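Following: one structure in structure tokens, then a few remarks.
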Amino acid sequence: AGRGVEGVSRWIWVAKWKCFVVGTVGLELKTLDFNFAELTSTSSVKPVLSLEFNEADEELIVGGVGNIRVWAFKKVAESSRMLYHFSGPRLVMQDLDGDDWVCQTIYQPAWNKLYAAVNNSVMIYDYETGQRTETLREIHDLSITSMVFHHEMEYLVTASRDSTIKVWNRHSHLLHSLHSHAQSVTALCLLPSPSLPAAASTPSTPSRASTRQSRGAPPLMLSCSLDGTIRMWNLETGHCMYRLETSSECLGMGWMKRDTFYHFERGGVWVWGLNRFWSCFAYFRSSVTHIRRIESPHTPARILTVTEDGSIRLLSPVTGTVLATGFPVISDIGVVDVEYDIAQASKEKITCLTSITLTRFIEPQPGQMKPYPSILALLGGTDSGQIAVVDVRTGGKREMVVQAHTAEITAVTCDTRLMKVFSAGKDQSIKIWTISLPSTPPSNPLQVLTNLTPSAAQQWSKSKAMPSIQLDLLMTVQVEGDVPVQRMW
């Protein structure tokens, strides 16, 4: 190597400029060409511990001992080529102590925030002004070794020498604490979108277009550790989906191109191909031996599974949520086969209710009690995302109307005057439904909604027929944020 690369402590490749940027033990920042010949240089003032290039603003973010500097550049044409000279730091964050080590930074363009891993804490700065806006203080027992930001899920993931990985949401609340590694975690890598070209597969700073293309795929991440393992994680569930044993301590990892990554040890560099996981319907810690879809004309379908540990599970075919789990009485008994009587199965849990009432009050005859109930029936939202009719005359007998949401329904309300039903669920959506009454049979008890006479109400009160209605979807509204709607009126 040439003289320009002596004593390199940190380095990055800047694809936009087709050059290297390095920090040296001599407190210098340099740009180098393909042959490692020095192009430009300046003083870094303090030791360089991390480098990050902000391509959108063409700025270099340098983390050091006790400070963070954002360097700007100026373009200079020399010998028929364009060079980029350091023009000085645009920002200097000096609110850190002299013994604080900034081991990594992440620029988040959507919020114009800069995340800095400082010892075992994370400092969050306004990228424009350099003011600190928030501190995640001492979130690990030992210093942070790696940090990534999942732009689509808005998750910050931190890894530490204490062998843990932690997943944080946009409000800095802890979602998952992952403990599968036995020693220090040395690197984290987000899986790039399968639709990106190979050159764009940089997981730490994906473009907004790439996050749109990756919607629908599970948020996956790779981690490596000094325990010699590489693990694949589902960030949404916190489950370790795959473990790869290597020959020695893993010191770091990164992407070469789409679905091809490398890790390095003291003795060499290893390159791996990745078989893409497109989705994870349900996660079990034991291998599945039996799986079957159970259907019935009048009840919701279910997925019946048996695993090697003898446990039996019922799953929602819509979301993959485990609705019920059964275990063998004796632990060493193996399940050979299983059947499910869906007709005798327990009903879904009703999570919210609304009433179907008369749209105007009908006066009873003088001297008589009102001969009919004011509530004709109940509409209930269930934990499996269905809306069901609950008959108040028959001890709560219910019948499913529609699979309304892909997750638990949290609120439902009915306006019989407008013949509308409004529902909200944990799938972050609000839906508006139109109530329609089947034309057959003509004696449908809920015809009292449109035929409000005393005789019709009395007929409804005495009838034993199950109420029959139909809900037609009119509109869907997506709700932003992490907290589902709890009440509507």
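The backbone N, Cα and C atoms fix where each Cβ goes, glycine too.
Unlike curated entries, TrEMBL annotations are predicted automatically.
According to TrEMBL, the repeat 'WD' annotation covers 137-169, 220-243, 402-436.
Across the repeat 'WD' (402-436), DSSP helix (H, G, I), strand (E, B) and coil residues number 0 helix, 23 strand, 12 coil. For the repeat 'WD' (137-169), DSSP puts the residue distribution at 0 helix, 17 strand, 16 coil. DSSP states for the repeat 'WD' (220-243), grouped as helix (H, G, I), strand (E, B) and coil, give 0 helix, 17 strand, 7 coil.
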